[in-house]
Amino acid sequence: MQSISILGSTGSIGVSTLDVIARHPDRYRVYALSAHSRVAELAAQCERFRPQVAVVGSAEAAGELSALLRAKGLSTEVAYGPEALCDIASAQGCDMVMAAIVGAAGLASTLAAARAGKKILLANKEALVISGQLLMDAVAAHGACLLPIDSEHNAIFQCLPPGYTRSMQAHGVEKILLTASGGPFLTRAVATLNDVTVEEAVAHPKWVMGRKISVDSATMMNKGLEVIEAHWLFGAPADKIEVVIHPQSVIHSMVSYSDGSVLAQLGNPDMRTPIASALAYPDRISSGVTPLDLAQIAQLSFSQPDFDRFPCLKLAYDALHAGGTLAAVLNAANEVAVQAFLDRKIGFRMIDQLIQRVMSAIPNRQAADVGTLLEQDTAARAHAEALISQ
Ligand code: NAD
Ligand code: MG
């Protein structure tokens, strides 16, 4: 029996994780759950999964949650704020941590889980984009285990040999082929991209996800973040990570070997597959995902991404090439820009323009420690906010 803390349990990944866990009560027990503000949903999850601890974002939310739990006769301990998230990520009572908070807000708790030597199921790609080397170092130094939940990276992980040491050369790996659906605007006329609405941008053709990652998929910044994520997870240089547009989202990524073999992982686009595979690794458990019907899919197609259509993808490659704190700056500017777009303050094409301006305005630094990264994150956010209010 393994116990798990789910950070961001009310989100898209959090809910899918609980769905898989509910199918295997003999294997998994929930130690802690967390939500930012959706108190009623969190209370319902507590009633069903009986965690020891539940964490929310504010004292006010904690008060509301306590009242709801008392009314249900539950004894779940309630806490709030970033430190409480680090506590449930590193607590002795949990073996595994699902890091499913969105954005830089998940960084501290993910690092805390690494420093406590936990098995980390990493959905929060932004944590790795911001603090790549530091997070990988913390995982190694404290004997933690990092398993990717992002469907592409989970696929790559499954296609790499067991015991892969983050050296492509040592294992005869030629290239990582990162597939991308291309999102909702793959074929829309580029000249009309600035007119896209929030509703159009969040309507992903293949995946149902949180709002931020849905916009990231529409700009393809999501794929850019994933290129950086793949770099850190698999020790792959930027020029060995190739993005392939594959609109059917059936192949979740591939690994190309020096003998000419290309290994792929396939499945229906449902996050419960990567979640179940990481939860049970190296075992296999049922996930509730419908089996793949290849005859019904009939066709798989592939093409190259177009940087003119998707400038965010190019910006992410630039950040990876530059190194230092530029990826943290890119991420912070993107978070602010996406929120401004969702709030209807800026147009769709302003997202990439804003990120580019912030990246050239903030001097790059060595990513020496978390403090430096957080300073750069703060500076990038402030600069992006200033540009938006102009
Ligand atoms: P979501 O918006 O649906 O859920 C986010 C969760 O984080 C919620 O539980 C929310 O309460 C919590 N949260 C938000 N802001 C917070 C804050 N400031 N402090 C603490 N908690 C906060 O997002 P999602 O789609 O589930 O994505 C979560 C992460 O997983 C993201 O990093 C995303 O890139 C990654 N991911 C998601 C998918 C997917 O299919 N949804 C696929 C791959 C990777
Ligand atoms: Mg992905």
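Glycine too: its Cβ is placed from the backbone N, Cα and C atoms.
From a predicted model like this one, the values you see are computed outputs, not experimental measurements.
Summarising the annotation, TrEMBL assigns domain '1-deoxy-D-xylulose 5-phosphate reductoisomerase N-terminal' to 4-132.
In the three-state DSSP reading, I13 (NADPH binding site) counts as helix. Sequence annotations record features per position, and here TrEMBL assigns NADPH binding site to T10, G11, S12, I13, N124, E126, G210.
In the three-state DSSP assignment, the secondary structure recorded for H204 (1-deoxy-D-xylulose 5-phosphate binding site) is coil. Residues or ranges marked as 1-deoxy-D-xylulose 5-phosphate binding site in TrEMBL: K125, S151, E152, S181, H204, S217, N222, K223, E226.
If you look up TrEMBL, you'll see 146-234 marked as domain '1-deoxy-D-xylulose 5-phosphate reductoisomerase C-terminal'.
Secondary structure at E226 (1-deoxy-D-xylulose 5-phosphate binding site), as computed by DSSP, is helix. The Mn(2+) binding site annotation in TrEMBL covers D150, E152, E226.
Marked as domain 'DXP reductoisomerase C-terminal' by TrEMBL: 266-382. In terms of DSSP secondary structure, the domain 'DXP reductoisomerase C-terminal' (266-382) contains 69 helix, 2 strand, 46 coil.
In this structure, the binding-site residues that sit close to ligand 2, with a C-beta under 6 angstroms from any of its atoms, are D150, E152, chosen from T10, G11, D150, E152, G210. Cβ neighbour count for E126 (NADPH binding site): 28 (other Cβ atoms within 10 Å of its Cβ, all protein chains included). In this view, the densest Cβ surroundings among the binding-site residues K125, H204 belong to K125, judged by other Cβ atoms lying within 10 Å.
Mean pLDDT for the domain 'DXP reductoisomerase C-terminal' (266-382) in the predicted structure: 98.
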